[in-house]
Amino acid sequence: MKTLEKKLAEDFKIVFSDKELLETAFTHTSYANEHRLLNISHNERLEFLGDAVLQLTISHYLFDKYPQKAEGDLSKMRSMIVREESLAGFSRNCHFDRYIKLGKGEEKSGGRQRDTILGDLFEAFLGALLLDAGLKAVEAFLNQVVIPKVENNNYERVTDYKTALQELLQVDGDVLIDYEVLKESGPAHAKCFEVAVSMNHEKLSSGTGKSKKLAEQEAAKNALEKLQRGS
């Protein structure tokens, strides 16, 4: 397997000046915690920075591409692009999952393919790239990796899964649809929420996300898929 540095250079023409910064971006908290005595840095702070630069870059792209769209529509489109599932997909497409350093427990539990970890990794890489090479380098990378996917997948057709679920379930009359936070974890700047959706107090499904709203949408999406399968 190619080294991470070689892959970045060959596939994206990216060469990090600060090698430690790149290594930190690919170090999960579980790995750092298992090697506390070595005082290894993990990628949560870089993830915080990467999230901000991703939001900025995608917002700028959408603002320019869709001059007639209202703020609400642009916000929905951006949410679909930067949601956890999408970012994890971008990480996999770049084969970043092969290079992240995980703790033994996280590795055994399937962390290398977990959307939460891979989405955070993608943001951490963007944060590291911003610090090492600047905003133009981040924009160039996103133009290679994210923008083509956005244009091919037609994110203009944004689906509000909560509304779609409500419309589906209320065909047969009034029903009570409720969303409940099951779990809240992670540090203040990188929260993860797990939310359950129920109909008339009977749980349909659950979902996770970096905010309650995103977790609710994911729960509604999973419920729709479950109902469509007839299970």
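Heads up, the Cβ atoms here are built off N, Cα and C, so glycines get one too.
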Problem - Residue in E47, E180, E184, E194 which Swiss-Prot records at the Mg(2+) site where D120, E123 also bind - result: E47
Exercise for the section: Compute the C-alpha separation of E47 (Mg(2+) binding site) from E123 (active site), stating it in Å without decimals. Expected result: 5
Exercise for the section: Report, as a single number, how many Cβ atoms besides its own are within 10 Å of the Cβ of D120 (Mg(2+) binding site). Expected result: 29
Handout entry: Surrounding CB atoms that lie within 10 Å of the CB of E47 (Mg(2+) binding site), all protein chains
Key = 23
Exercise for the section: For the recorded Mg(2+) site, whose residues are E47, D120, E123, find every other residue on that chain with a C-beta no more than 8 angstroms from the centre of their C-beta atoms, and list them by sequence position. Expected result: N43, E44, L46, F48, G50, D51, L87, G119, L121, F122, A124, G127, A190
Exercise for the section: Using the structure shown, find which entry in D51, E123 (the active-site residues) has the sparsest Cβ neighbourhood within 10 Å. Expected result: D51
